[in-house]
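These notes concern the structure reproduced below.
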Amino acid sequence: MGCVQSFRNFCDRPKNTNVRISLPAVCFVWQIAMIILFGVFIRYNEEADTHWVEYRKKENISSDIENDFYFRYPSFQDVHVMIFVGFGFLMTFLKRYSFGAVGFNFLIAAFGLQWALLMQGWFHSLDYTDGKIKIGIENLINADFCVAGCLIAYGAVLGKVSPVQLMVLTLFGITLFAVEEYIILNLIHARDAGGSMVIHTFGGYYGLSISWMLYRPNLEQSSNLQGSVYQSDVFAMIGTLFLWMFWPSFNSAITDHGDGQHRAAINTYLALASTVLTTVAISSLFQKHGKLDMVHIQNSTLAGGVAVGTAAEFMLMPYGSLIVGFCCGIISTLGYIYLTPFMEKYLKIQDTCGIHNLHAMPGLIGGIVGAITAAAATESVYGKEGLVNTFDFVGPFKNMVPTTQGGHQAAGLCVAICFGIGGGIMVGCILRLPIWCDPADDNCFNDEPYWELPEEEEIIPPILHYNNHMVNKDV
């Protein structure tokens, strides 16, 4: 007990937010490390290399149009916008933390995608003949997916950590993501086209576990900044709309060409539409005088896209997608109303953006839906070849049957949860050390410690409880 108390006392020393040495050092050293590692390991794959002409002749490819770039790049554009614009602006709801929301999102995404190309490359794209990682357009999409898990985790600690801590969070988050992704997709052989398990469940519980480890008992000292103003909510809604519009591309980006990709886009499109209506209904129903809460519209309207991710390429059927979206809109909105304050009060989890309701819970639902849909698959619905193609029943898995695949899907979900919680606790212990220049409790949710701000400041109105973005909250 004495050692534990000594560690706590060491971690609770006075805060110093001056990152003039630590942030440049981390950025320079890690970027130089990326340059060296890329020089040693990373090369273009055959479709991006100048030897494409020879490869085309060898494989009897008739036209450059058959290069994977032309199939994947539109989806890559959409996913890239989601990562840098969608996630960034979604987190600008805090009245005095918009620079940090967009700027630090930009920073960790730019670093994370480089590290992700290496980590995922070592697991998936390593050419054992020459020891090089061969990258193409699909690797760029997967790197963005990898980064998404860390951006989700950032939402739980938004406004409470320093940029140096975020870089550390991203370094470990990308590493853990690459390992759990390899275990789930390659060893367990689960299917997860839209990343309900691999991205959202992992990222959600990774962030929540870190937030639990970094619990601040005196965070109410910054309560006047822990909310939104009219303009900041409008900017956050821009992020919502970008995410909502491009989510079908997110869930279908790396599925097989043809029917799988087509089906994934349709299922996501319908689930998202259904979620909007139930979110509005529940938000109005549970608010006094039936007024809508902007936090629900910004976040819960996206939950259907998260939940349909795993089963997006399965024969979920259009009505099934609507049902998934319908349920997620209800569960996510009720989570913001009841679960977020409960978790802060009783579980000591301070979830700034409510990622438990937007990512973690819908990710769990998505994993369960995927397991049930896979187990219920039949040859009469999919066709013999369609069943093999959809679930990749080839090679060592050629004798698998749908019921077994359902069990593998459930196992993949458990792995994602374990990696998220276990990894988050481990990284949270590291981030508790008083060497990262994080803000004091009375200086959270504020851009001032890390950004040069305009001289004229708006008058800050009195604010809110938890993260529900409202000045006067009557429930």
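Note: Cβ is positioned from N, Cα and C throughout, glycine not excepted.
A quick note: this is a predicted structure, and the numbers were derived from the prediction, not measured.
Here's what Swiss-Prot has on this protein:
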type: TOPO_DOM; residues: 1-20; note: topological domain 'Cytoplasmic'
type: TRANSMEM; residues: 21-41; note: transmembrane segment
type: TOPO_DOM; residues: 42-73; note: topological domain 'Extracellular'
type: CARBOHYD; residues: Asn60; note: N-linked glycosylation site
type: TRANSMEM; residues: 74-94; note: transmembrane segment
type: TOPO_DOM; residues: 95-98; note: topological domain 'Cytoplasmic'
type: TRANSMEM; residues: 99-119; note: transmembrane segment
type: TOPO_DOM; residues: 120-138; note: topological domain 'Extracellular'
type: TRANSMEM; residues: 139-159; note: transmembrane segment
type: TOPO_DOM; residues: 160-167; note: topological domain 'Cytoplasmic'
type: TRANSMEM; residues: 168-188; note: transmembrane segment
type: TOPO_DOM; residues: 189-193; note: topological domain 'Extracellular'
type: TRANSMEM; residues: 194-214; note: transmembrane segment
type: TOPO_DOM; residues: 215-233; note: topological domain 'Cytoplasmic'
type: TRANSMEM; residues: 234-254; note: transmembrane segment
type: TOPO_DOM; residues: 255-265; note: topological domain 'Extracellular'
type: TRANSMEM; residues: 266-286; note: transmembrane segment
type: TOPO_DOM; residues: 287-299; note: topological domain 'Cytoplasmic'
type: TRANSMEM; residues: 300-320; note: transmembrane segment
type: TRANSMEM; residues: 322-342; note: transmembrane segment
type: TOPO_DOM; residues: 343-357; note: topological domain 'Cytoplasmic'
type: TRANSMEM; residues: 358-378; note: transmembrane segment
type: TOPO_DOM; residues: 379-410; note: topological domain 'Extracellular'
type: TRANSMEM; residues: 411-431; note: transmembrane segment
type: TOPO_DOM; residues: 432-475; note: topological domain 'Cytoplasmic'
For the residue listed as 'N-linked glycosylation site', the number of other Cβ atoms found within 10 Å of its own Cβ: 6
Local confidence of the topological domain 'Extracellular' (379-410) - pLDDT mean: 94
Same-chain residues near the transmembrane segment (168-188), Cβ under 8 Å, at least 6 residues beyond its ends: 30, 108, 111-112, 115-116, 119-120, 122-124, 146-147, 149-150, 153-154, 157, 161, 197-199, 202-203, 206, 210, 408, 411-412, 415-416, 419, 423, 426-427, 430-431, 436
Outside the transmembrane segment (74-94), six or more residues from its ends: residues with CB under 8 Å to it: 101-102, 105-106, 109, 137, 140-141, 144-145, 147-148, 151, 154-155, 158-159, 225-228, 232-233, 235-236, 238-240, 242-243, 246-247, 249-250, 252-253, 295, 298-299, 352-353, 445, 469
Contacting positions for the transmembrane segment (21-41) when only residues 6+ beyond its ends and CB under 8 Å are counted: 111, 114-115, 117-118, 121-122, 131-133, 162-164, 167, 171, 435-437
Listed stretch, out of 194-214, 234-254, 300-320, that has the most CB pairs under 8 angstroms to the transmembrane segment (411-431): 194-214
Best-contacting stretch, by C-beta pairs under 8 Å, relative to the transmembrane segment (139-159) and drawn from 99-119, 234-254, 300-320: 99-119
Tally of DSSP helical, extended and coil residues in the topological domain 'Extracellular' (120-138): 8 helix, 6 strand, 5 coil
In contact by Cβ distance (the transmembrane segment (300-320), the transmembrane segment (234-254); 3 or more pairs under 8 Å): yes
Per Cβ pairs under 8 Å, the stretch of 99-119, 194-214, 266-286 packing most closely against the transmembrane segment (322-342): 266-286
